[in-house]
Each structure stands twice: as structure tokens, then as C-alpha cells.
Amino acid sequence: MAERQNIFFYYHPDEEMDGKIKALKKISSENGLKVVEDSKDASIIVSIGGDGTFLQAVRKTGFRQDCIYTGIMREGQSGLYCDFNIDNFDNMIHSVLHEDLEVRRFPTIKAQINSETPFYCLNEVSIRSTIVKTIVINVYVDGFHFETFRGDGMIVSTPTGSTGYSKSARGAVIDPLIHGFQVSEVASLNNNQYRTLGSSFLLDKDRKLQLEILQDGNDHPIISLDNEASPIKRIQNIEVTMDDTIIKTVKLKNNSYWERVKRTFL
């Protein structure tokens, strides 16, 4: 395991950001932290940008469980994953060094496409049609055929991911202390001939969700893993389960999950 004082910065470079990163690295060094250029050597991984950049940072660095992730907003107050702002980086460093923080743990879901190498998601995995035609999906829970979905797509989200795409599809905002994952429909087709549940549903962490895509022209749906598209082209089935991988982040003691939800949406 890397030394506790090694810090790595993940960001999207541009002229303005390069100057700010240089200043952040200087502040880090002045406070006894060692700035590393390889995330594998870091014990603290800092993403700078926003919640989307934080999700990318976790994915690009391999969903590491032996380090602490920290999100810093480039602009604005804070985000659901980002407790700090780039203009108060000094406060973040002081909080880290003096342990004036709390560690929170985010669960992940594992998505296995066509029984091949699994992908991990901190927010959600979604499947959508790529053509002007409803996608048809057989939905199984622990091997039991629950429904045949027809519509624009489906979203499977973690509790923390429930505030993202799932919420826009009328999914519930889930307390992160609930150990499970949510399945939401996107524009389901419901009439006298076709019928789905018509609402989101929550599965326990030990459940297994299987989505079987009917091959009727929708052989190449879009699979989104957090905010990135899957490289797999022909998709027949997806198996989704909660995974044991836990992502550790730090938060200010006076900034709870529900305080962040209120600040973001209300």
C-alpha cells in the first residue's frame, strides 16, 4: 500500500486548469504531501472538476479500495461527490492532515455483459435503444422472470447514483445506508397489449438482476457505465449485482448526504 502522504490529481487539462494545478501541487508539497504522477503510487486521489469528473477518476484509477478519493469542484459550491471547492483547497489539506474529516463509503454495482469481463459502476448502468424503436428486455430477478419491458431503456443505480439519471426517470432518492440497488424504467410502453410494472423497484444487495435483450433490431443498444459508453457492440444480456468493492471518500463533518441532496435539489 502506498504511503499515506502521496497525492495524485485527476483533471481535464486546459490552460486555466494547468495554472491552478501547479498552485495546488505547490500547496500540497508545502504541507508535507508528496505529489505523484502515477495514481498507482497514491494514497489520496483528488479529482478536480465536478461529480462527473469524480466518477471518471474512480473508473480511470481502477476503483481502488486502498486509498481515499476526494472530489473538488472547479466552480460552484459543492456536489454530491465533491465536498470541496478549488478555491478552498488549503482547507481540504488542513482537514486531511488534522483528520477533521469523516470517511464515507460508497457501494458499487457490477455489470457483466454477455458473461464476459465485468464492469464496475459507482453511479449506475443504463441500457437504451439506439434506433427509433422500443427496446424489448426480459427482466429476471434471481432467475425468476419478472416482466418483459418495452420502452426507451432501463437504469440500474446504486443508492448514491439514485440522485442522477435514475431520478430524472422518476426514480426515488435512496438513503445510502440502505444496502441495495434500484431499477428504473425509461418511458415504458403500457397499453392493453403490453404491460410493465410502470415504476422503479428496489432490490436487496444479495439479489441478482438479469436483463435479456430480445434481438429484434436492437442488437446494438447503448450501454452507459456511469458516464461512459461500453465498448461492447453486440449485447445479448446483462447481469447486475451489488459488489463488495467499496470506494472510500472524505467529507466534512457538517456535510451529510441529505444536506447535500437538499442543497442540490431544493
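For all residues, glycine too, the Cβ spot is worked out from N, Cα and C.
Automatic prediction, not curation, is the source of TrEMBL annotations.
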Same-site NAD(+) binder from Ala42, Ala111, Ala187, given that TrEMBL records Asp51, Gly52, Asn123, Glu124, Lys133, Arg150, Asp152, Thr163, Gly164, Tyr165, Ser166, Lys167, Ser168: Ala187
Coarse DSSP state, helix versus strand versus coil, of Asp152 (NAD(+) binding site): strand
Least surrounded among the binding-site residues, given as Asn123, Ser166, Ser168, when other CB atoms within 10 Å are counted: Ser168
Site of maximum Cβ density within 10 Å, from binding-site residues Asp51, Asp152: Asp51
